[in-house]
């Protein structure tokens with residue numbers, strides 16, 4: 001353990017005379033054998049993961065939000081156009097990924113505090129709980145959009161829902177990219193939750 | 001702290017003379033003031049939550065798997081029938097919820113071990129990681145099925161996907177019930193992850 005670490009073991013002198021009769025009161029023992037450096041590394045890894053997740057979450061929201069295609073032919077009454085606005089699931093996707101991206105940006109300062117104070121267990125606990133919720137939101141948005149994208153690509157003959165990707169190829173490609181980005185975000189969140197739990201065990 | 005608890009504080013005699021020069025080696029300090037009873041309560045709560053999740057997960061899989069409706073009229077060439085087999089998303093839902101139910105049943109013995117040995121941090125860690133993954137799978141299945149169910153109820157005029165719930169009312173009702181059950185399972189999993197993290201902090 002380096003001398004610069006803040007892990008200290010406060011053992012009152014009474015333990016020498018009192019023997020093994022410690023009652024758990026007044027004895028504040030912070031036991032962290034060589035956990036300081038490990039915890040700092042984990043906290044930095046956590047911070048980098050958050051940066052990656054911000055990029056993928058906002059990329060997903062932006063790709064979906066700008067997906068818009070107007071076909072080059074039109075009739076007198078109707079112009080053929082596809083946009084994410086047409087499907088409520090895609091609207092939910094944009095909102096959910098924007099919320100997740102915003103949460104991630106707001107969580108960065110807390111992650112930095114975890115790098116500086118490696119033994120902030122309460123803060124890590126808070127981040128873990130919020131990460132688990134953000135993971136749920138990301139997965140829900142991604143899975144719902146994936147179900148609709150699959151339908152747009154393949155259609156379903158049993159329910160007479162026709163595929164629309166023959167006509168709106170660019171739209172489908174962009175939407176599919178957004179779904180992939182949201183799935184990457186979900187994987188990063190799973191890693192974040194696992195890393196937080198491991199760090200929590202060592203604090 | 002009760003005398004029956006296994007928390008011990010081994011402080012070698014050299015610390016009295018060595019002062020504050022403890023190097024973190026050889027000093028194995030297990031500090032757990034009054035955490036034993038709290039941890040046992042949490043472990044029992046964890047076990048009960050798992051039982052609830054088993055019921056909801058298997059109910060979701062069963063409701064979806066048995067959803068099948070044949071309309072009372074038919075033409076010479078065609079009989080109108082709806083089943084979960086017709087939509088790949090619903091097939092995924094049944095498989096995913098069955099996997100989650102199976103995992104939950106298999107995790108029960110580990111949960112019981114956590115009740116008996118309240119300081120098994122490694123086991124709790126394993127359960128937390130697996131719970132986070134099961135949460136992801138449950139949410140994905142539930143959200144994807146919810147997107148399709150919404151489409152079946154309301155249709156989408158922009159893509160010419162017509163609602164099928166006017167014809168297949170019973171089918172839609174059963175499928176919606178399955179989606180609600182999967183959402184309840186997801187909520188239970190979020191609580192499980194939070195409880196595990198809190199218990200991990202105290203071990």
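All positions are counted from 1 along the displayed chain.
Using the three backbone atoms N, Cα and C, a Cβ is placed for every residue, glycine included.
Where the annotation comes from TrEMBL, it is an automatic prediction and has not been curated.
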**Correct range for transmembrane segment (source TrEMBL, candidates A:128-152, A:153-177)** = A:128-152
**Request:** Determine which recorded stretch among A:47-65, A:90-116, A:178-200 has the most C-beta pairs below 8 angstroms with the transmembrane segment (A:128-152).
**Result:** A:178-200
**Message:** For a three-state summary based on DSSP, what are the helix, strand and coil counts in the domain 'Casparian strip membrane protein' (A:40-187)?
**Reply:** 111 helix, 14 strand, 23 coil
